[in-house]
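Beneath this line is the structure, given in structure tokens, with notes to follow.
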Amino acid sequence: MEKQIAVLPGDGIGPEVTDAAIEVLQAVADRFGHTFSYKKALLGGCAIDEVGTPLPEETLDVCRHADGILLGAVGGPKWDTLPGHLRPEKGLLGLRKGLNLFANLRPVTVYDSLADASTLKNDVIDGVDLLIVRELTGGLYFGEPRERRGEGETEEVVDTLLYTRGEMRRIIRKAFELAMVRNKHVTSVDKANVLESSRMWREVANEVAQEFPEVTLEHMLVDNAAMQLIRRPKQFDVLVTENLFGDILSDEASMVTGSLGMLPSASLTSDGPGLYEPIHGSAPDIAGKGVANPLATIASCAMMLKYSFGLHEEAKTIEDAIEAVLKQGYRTADIAKPGEESSSTKAITDAVVEAIQASVDIS
């Protein structure tokens, strides 16, 4: 199989973790007889510095012609004083909108060998395997008008939470489709006791549920969902929610695992390349030191192989390699115990590559 991958290293540790991920992808390609080609492009702060905009048109074009997109991280304090439309994060929002990446998938899995990294008790997190499906191109982050009006103490500010019924239906249906190949349980998260948009969301969820009689649908208010993710995360299979709620809940759920450095994500559309990225930030404080955790980016590559390329065995090979490396005791500083020796980005990447090369031939 031949595939072209757009690589957007971005800012901070982004170039380091994407380089590590490319090494792993190349090991998979060599191992299974595939050909992956890579084309790098600018996004975020580095794009602002070089061409004056966080999302150059050339980058959008490279992504549109790719089979999959790998992103490192964007942003950093260097660009925090810029106007909102010139911030690095605006480039990522524009990329999502430009490629119609409406479905964000955030898997949360607790590795047995990393159970101690979580601040929660082992009996609470043991066996956690949930998936948050977040709507990504609507809601408060994109709704108009978005403005300030008036001045002084009577100055008003307006943000708009806007969705169409169709936008709700496509993301909820995606959650049900994913639940069909998991444990057939969907928790729809809303604020239907207050928000009109949530009341319509709940209506649409009930309509979609009729198409999937094998799947159990549960409605949960967002404040309760936030509590339950910490209190009893094992109850969840697939959670689906709108943009703002999903942004908050997915970061909360990430701490069930103990480190943002372990969690991948996928942003998908109905027809076009998916975007795959770690959920951690650009971590400029450790950029260039060779200590960044590459495992979330590597795991994001496994999601690319699965969801964009249909290469499920290859994806599992990466996932198994990550598990094997953790069992061997490799740890970057973010997941190491106090006083425990930590591994470099290169050491962990090399170990994952070796584990892939040593895997049983299933091609």
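Placed from the backbone N, Cα and C atoms, the Cβ positions cover glycine too.
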**Complete:** Joining ARG96, ARG134, ASP223 at the substrate site recorded in Swiss-Prot, out of ARG106, ARG146, ARG148, ARG149, is ARG106
**Message:** Neighbour count first, Cβ atoms within 10 Å, every protein chain included; then name which of ARG134, LYS191 tops the list of recorded positions.
**Reply:** ARG134
**Item:** Assigned conformation of LYS191 (site 'Important for catalysis') - DSSP reduced to three states
**Value:** coil
**Asked** Whole-number Å distance between the CA of PRO88 (NAD(+) binding site) and the CA of ARG96 (substrate binding site)?
**Response** 13
**Request:** Find the one among the binding-site residues GLY76, ASP80, ASP247 whose C-alpha lies closest to that of ARG134 (substrate binding site).
**Result:** ASP247
